[in-house]
Each structure stands twice: as structure tokens, then as C-alpha cells.
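Undergrad: Before I ask anything, here is the structure I am working with.
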Amino acid sequence: MQQEKRFDPVTLITPTAAMSPSVHGGRAKCLQRLIRLDMPVPTTVALSFAAVRKIARGQMPDMAGILDPFGANPLLSVRPSSQDPDWGGPSAILNIGMNDTRYAQLIDSLGADAATSIYLRFIQSYAVQVARLDPEPFHLPDTPTEESLRAMLDAYEYETDEVFPQDPAEQLGQVLRSMARAWDGTTARLLRQAKGAPADAGLGLVVQSMALGVGEGTSGAGVIQFVDDATGERRIKGRYLSQSQGRDALTVAKGALFLCKDGRGPSVEEELPEVFEQLRNYGDLCRIRLREEMQIEFTIENGQLHILDAVRVQRSNRASVRIAVALAEDQVIPTDEAVMRVDPAVLSELLHRQVDSVSPRDRIVRGIAASPGAAVGRIVFTANEAQASAARSEPCILVRRETTPEDIRGMHAAAAVVTVRGGITSHAAVIGRGLGLPCVVGASDLVIDRKGKRLIAPDGRKFHEGDMITVDGTSGDVLAGAAPLLEPALDGAFQQLLQWADQYRDIGVRANADTPADAQTARNFMAQGIGLCRTEHMFFEGDRLGMMREMIFADTVTERQAVLDRLLPMQRGDFAELFHIMQGQPVCIRLFDPPLHEFLPADKSGHRELAEQLSLPLSEVHARVEALSEYNPMLGMRGVRLGLTYPEIYDMQARAIFEATVEASRSGDPVVPEIMIPLVSAMREVELVKARIDAVAGHVRAETGVQFNYRYGVMVETPRAALRAEDIAQYAAFLSFGTNDLTQMTYGLSRDDAGRFMSAYVNAHVYEEDPFHTLDVDGVGELLKMGAERGRAGRSDVVLSICGEHGGSRSAIDFCRKQNFNYVSCSPFRVPAARLSAAQLAISDARAELR
Ligand code: PEP
Ligand code: MG
């Protein structure tokens, strides 16, 4: 507000007039830039946000002051000028000032057809947009005639009981008032807020002298841009229509000219070569001086070119990356500016297929968008069916009430996953993101009829096993049928942008990767190591599940050890492969975390299978499964508690890690593995496990004769571990905050069940966001801060990071930078967006320091 004092409410745009986008809007400021570049812009007056606010309240500015620069009998247009052009605004109104007298004059100068068409267009827009009359009686006739004009004027009088206003000042005043009020309407407000506009965003208006585009001599109007809005490639695009105004050229079915030579029809390049050359020069000038790809609206009036407006080219996500990189490569903008211009969310989209946004969507249900990308496939209801479908090379969509570790192979086989239950950190969501598999969770309006092998949609429609559906994990939609998809766009521009980002970034980005395929993805996306390898997922592979079950059913330590001895070489192979792929980079391996019962079959047929496999009576299997069941397994015997109860498990894992270290170091750079202990809540746990792991390391060194180092650390995911971080850090070289469990335990909120009421909670602003999705800086963040400070007090060089699902999000990265964490770790497919977000935050800070 204070700022506006330096500016006049009504400003004639000249090269030196005092103007600002935050006072007059982006369009007005851009027009001033075009004028400064000596482009033929018709006379234009800008009204500030403050002036428009007053108009909306009924306080009209001095109309004579606005009209003065346009001379006698002007014809004018009014266009909106919001601060950010993407926030929209009311539609432009052209030909203000048309009345019976001007009409008679134009018949003489332009001919009857042109004059009638201009008058008709003005009455139509005035009636519909300003007087808000029903559009029906105001359709433009195919041929503009005197009779049709009279009929439209009569219709206006009939509808309003007033003759059509003849005074240009009155017409302009009403146009300004209606546009000012439209900006305050609820729909306009909601639409712009959805695009990020603040609640009090202002609207400026620009009043411009009309270049007519109709009449005798060469006249017409068109739009030109110099880049493809879908791909970002440099090419001229647009249309020109003789005897037209505004953007007519883009909407007519036929008659418009191409701009460049085109086999499909005549072009401006051939028919009006000088105009074409001028436009091309203006395009280059805009790109270089406005440092942006602009779309130019132009009019030719009696052979004379006028530039009416230039707006930033609307662009696809893919094009936004290409354009930013091309501008920097051509040295139009510096590389840090290119990095700042791309929204990190866009990158995640480019890594995956997407539903083509122009196609119609037949939505079955909407759930939580848990892993981006889209896939088409046939419905299956079990992991086995998913594998069978993959074996037939038929893409399928796995639909489950919720997934468990047992479904992992089915998930690998599926093209996408949908669950009825769950939230953003539930099993399906975490695995989906890790695999880059589109995933929608918490689609709670969907009913799975298991017996009937069908889905029942909220609108009653039924979808059977084998029916084709589309999962859009980016929006959370499940769609009927096979929607058209767009391919991912990992081109050179994408890689270049990220290389530049890395030059500015000041926090590490690692990936959460459980399998060699994940590790390869992490490497491809240039993650700086693995921040979390969840080893339990390795035990669901092949015949390992059977061995795990044998181990769980072992009665004695010796029996358990025998099974672990068989698992050891497999586990060693897993780690050796990871080390090999990540050679030279740190790999942080988390020892076994989940409760054992997750490895046991959940239903009767599974129990029967297990009884056969273990040669045990069914009753014994039932009894053991029963004995292992816990009321609250997520708070039960899992993580380090399991590690201390059955120490042979962690011993085996440590041995596998060390033997793989020796193996991998023989064929490449020395590997320094990191071993991380989950679900710690007391220092003594860390101390006890460390003593055993040190002993295993000693044995492997002695057996192999090879020296190696390892780093030992703790996953801080219980509130107590954060509070006691000072003691714990004495035994831990690093602390990695597991914000999934830490959020669950800080809120006392089940990460697998919160999906049921989360949207109601967020809608009612009980929580501003889903805390499993957006790091709760106020609460969980407080524990992170405390944990980091106390951890550093215990060990000044302790390495700090977060590895929960929040790790890839901008707000969490912002938080971690501010707390001087060393790195964040996130799903491999989120690594590019995390690299870009981290760079943008560093650049913003550096710019703020310069100010
Ligand atoms: C966590 O709790 O934040 C974490 C990364 O571990 P998991 O999701 O495997 O429980
Ligand atoms: Mg955890």
C-alpha cells in the first residue's frame, strides 16, 4: 500500500512512467517494456490495483483523465493486468467507444461491413460481459447487416429498458466497473488462489487505443510465438486472420493463415513477408530483452503492424524445462535463473508416464495420490494373479484393500497399485514410490467384492477382474478404461538443469533404495549414495520367504542359526551387488526392522501351505502364528527389540555386510558401509548391538585378512531417541531421523489407518496438511531440532539426515538446511526434484543475502 504512493492511480504508459508489476500488474509492466523496445504499441493507459479496488467499491476515477491521451472519438480496449499473468482475470473487451455517430464515420472510412461488424461485436460483449444479459439474443450473425445491428440494439433496449449507451465515457466507466467487480467474484477468487495467488491479490487494468484489424487495405489480427508450448522446441507457431480482431485467428475453423510457409495452406511469410520479418525481429527482441519466451498479439491496420500485447507462453511441464535450459544455454539468462524457473514438482512428473490432460476423464474414484505417474492395465485382486498376468505380458493393476510385505512380488509385477485403505506412508505408497510405480491409496469409497471378484464404484458401477482401468498416481484418480498416456521426458535438458542445480546445492541428496534396481535408479538420478536400504524387503524374494518362516518357527538358537547360515550367502550377494552399483558412494544399511509376524501367512490356505513346507501339524502352525501375534505390532517386537531378542539375526546381517564389503573392495574403490539400527529408544540398545557388530567385524577381518572400516549409526524414529540423542550419539557416528515412524509416534497416529479421516481433518484445518506427507515443522520438527542439538552435544561431528518419506519434499529440505543437516534421503524417483529444490533454496538464500 505504502509503495503505491509513489505511483499515480492512472498512468499513461511511456518509457519513463513510474510503473511496477506489484502496482499495475504484469501486463501493464510488460507493455511498458515493449514500448521501451520501440515496438509499435498503441497508446495505453494503466490503472493501478488501488484504482481498480476503488472502482469496485463505486469510486470512479476521473474519466476525462483516462480518456485524454486517446484524443477525440477513440475506440478502446480494456484488458486485465494481474500481478502474475497466470492468475487470470476477466476477459478483454474491445471496441469501447462505438456508438451511432462513430458507426456512421466508420462506414465512410472502412466500409459498411467492417463498421457493422465492429459495432455488433461491441454490443455483444457489452451486453453479455458488462450488462450481464443472457447471451442468447446477442449471437453474432454470419453476415453483418444493418438489420442485424438494429435487431441487436433493440434486443439490448428490450432487455434493459434503456437505449444502448452512446457516451464513450459512460461505456468505459461501466466496462471498468464490471471488470473490477468480476475480479472480486467467488469463482475468480478460488481459481486464482488455486494458482497460488494471495487472498488479497490485486487487479490492474490497461486501456488501449484499438488497432482495428478490419477495414480497407491489408488488415487483420494474429498471435505468434517462437516456441512449441508442448515440447519447448524453438519453432514459430500461431495464426493470422485477415479482417479480424483479438484472438479470432485462433478460434475460426477456416480462413486463418499459417505464419511460416506451410504445405497445408497460405502463410504470412509468403503473403506479407515484411510483416513476417518484423514479427520475427520483435520475437527475438522479446526473448533477449524480456528474457522469456513470449506470445505476441498483433494487428495489421491498413498495412501497418501494431503490437497489442505480449504474454509469457503457456507451456507444458516438459516445455518449461527445455525453455529454461535453452534460455540459459543461449546466455539470455544465467544458469541459476534457469534453475529457479522450473517447479520441482514438474520434474517428478517428467519421470513417469502421465494421463494426457486433454482427454476426457471417466473417474471411478479418487484416492490419495501416493506415487506419481499413470498406467493402464486389467484389474487383478491378488499378488499371484498380478504375477500370472505379468508372465502373460499383460499389464495389470493390483487392487487390494491394503498391501503387506507379502504382496511385494505382485507389486513388482503390476503396472500400478490401488488400495482402499492407507495413507501417504502406508506400505503400498512407500513401495510404489520406491519402484516408480503409480499408486493410489486410501480410495475408501471403493468397495472390493472379493467373492464376486469385482469392484463397486461409489456411483454403483461395477468393474470385474480383467476389466481395463487407468491409475493416475499424480492426481489420485482411478479411471474407467484405457486413458491415453504421454511418455516420460528425460531428455538432455532435464539432465543439464540438474547438473546446474548441483552447482548451487549445499545439502546432500541420497536415495532410499532396497534392491539393485532401486540402486541403479538412484545412481542414474545422481543420488549421492543410499541413505536407507530397508533390508527386510530382501527376505520376500524367491525362496527366502520360506527360509524366513523356518527361522521364525525355529525352537532353538542352533536351529535358527542353521537357517541364518543358509540366508547369509544370499544376503551377502544382495549387499555386494548394491556396493558394486554404488561403488565409491556411501551405502547405509538398516538392519531388520518389521515385526516377525509380517512374514507369516495371514489366511488359512497360507497356514496349510506352511504346515506342508515345515512338516508340522496345522494346529501347531496356528498356535505359533497366534503366539506371535501382537495387539500393536508397530509398537511391539520389531526393530532393535527383535535384534536384541534374537541377536543371531543382526549378527548374520552384519557378517553379510562385512563379507560383501571385502568382496566389493577387492574389485573397486574401498567401500565404507554404514550400519543403522532401527526403532531405538534407549542408549543401552545401541551399546549392546554395537558390541556384537564390532565383534563380527573383528572376526571377518581376522578370517579374510582384509582391513575395512564401517560407520555405525542410529535411526531416530521414537520421540525418546530424539530426547536422548546426546547419550545415543556417543555410540553413533550418524543419526538419521525416520520421520515416518517419528510422525506416527509424535502424533500417536497410525500411519496405516490415518488415511480414513485425514482428508476430513485437513478440510476442517485440524491439521494444515497430512503430516505424513508434509513435515510437521512445528511438532515433529521440534523433536528433530532437539534431537540434532542434543546429538551434536554428544558428538560434535555426528552426521545428521532424514530418511522418512518427507526427505524429498521442499519444506523438509528447507528445514534440514536451516538445521545444518548433512543430507536428506528419499525415494529414488524423488531425487531429481529434491536436487532441484535444494538448489533453489540455496540460490534464494544467496540472493537474499545480496539484497
Ligand atoms: C521411517 O520410519 O521414517 C522410516 C524411514 O522407516 P520405515 O518407513 O521403513 O518404517
Ligand atoms: Mg521406521
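Even glycines carry a Cβ here, placed using N, Cα and C.
Dumping what TrEMBL says about this protein:
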- 394-476: domain 'PEP-utilising enzyme mobile' (DOMAIN)
- H427: active site, tele-phosphohistidine intermediate (ACT_SITE)
- 492-841: domain 'PEP-utilising enzyme C-terminal' (DOMAIN)
- R534, R590, E717, G738, T739, N740, D741: substrate binding site (BINDING)
- E717, D741: Mg(2+) binding site (BINDING)
- C803: active site, proton donor (ACT_SITE)
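Tell me about the surroundings of these features in the structure.
TA: DSSP assigns H427 (active site, tele-phosphohistidine intermediate) to a helix in the three-state reduction. In sequence order, E402, T403, T404, P405, D407, D752 are the residues near H427 (active site, tele-phosphohistidine intermediate), counting only same-chain partners six or more apart with C-beta under 8 A.
The Cβ of R534 (substrate binding site) lies under 8 Å from the Cβ of N512, D514, R590, D593, each of which sits 6+ residues away along the same chain.
For E717 (substrate binding site), other Cβ atoms within 10 Å of its Cβ number 25.
Around the Cβ of C803 (active site, proton donor), a 10 Å sphere holds 28 further Cβ atoms from the protein chains shown.
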Undergrad: Please report the distance from the Cα of G738 (substrate binding site) to the Cα of C803 (active site, proton donor), rounded to the nearest angstrom.
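TA: Answer for this pair: 5 Å between alpha carbons.
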Undergrad: Setting R534, R590, E717, G738, T739, N740, D741 aside, what same-chain residues sit with their Cβ within 8 Å of the center of the Cβ atoms that define the substrate site, listed in sequence order?
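TA: Counting only non-site residues, the set is L532, D593, P678, M715, L742, C803, G804.
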Undergrad: Can you tell me the three-state DSSP label for R590 (substrate binding site)?
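TA: Going by the DSSP assignment, R590 (substrate binding site) falls within a strand, counted as strand.
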Undergrad: What does the structure give for the C-alpha distance between T739 (substrate binding site) and C803 (active site, proton donor)? Integer Å is fine.
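TA: Cα to Cα, T739 (substrate binding site) and C803 (active site, proton donor) are separated by 7 Å.
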Undergrad: Select the most exposed residue of G738, N740, where exposure means the fewest other Cβ atoms within 10 Å, treating these as the binding-site residues.
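TA: N740, out of the binding-site residues G738, N740, has the fewest neighbouring Cβ atoms within 10 Å.
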Undergrad: Through the lens of DSSP with three states only, how would you label N740 (substrate binding site)?
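TA: Note: N740 (substrate binding site) is helical by DSSP.
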Undergrad: Measuring Cβ to any atom of ligand 1 with a strict under-6 Å cutoff, which of the recorded positions H427, R590, D741 qualify?
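TA: From H427, R590, D741, counting a Cβ under 6 Å from ligand 1 as near, the near ones are D741.
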Undergrad: Using the alpha carbons only, what distance in Å do you get between C803 (active site, proton donor) and N740 (substrate binding site) once rounded?
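TA: It is 9 Å, counting Cα to Cα.
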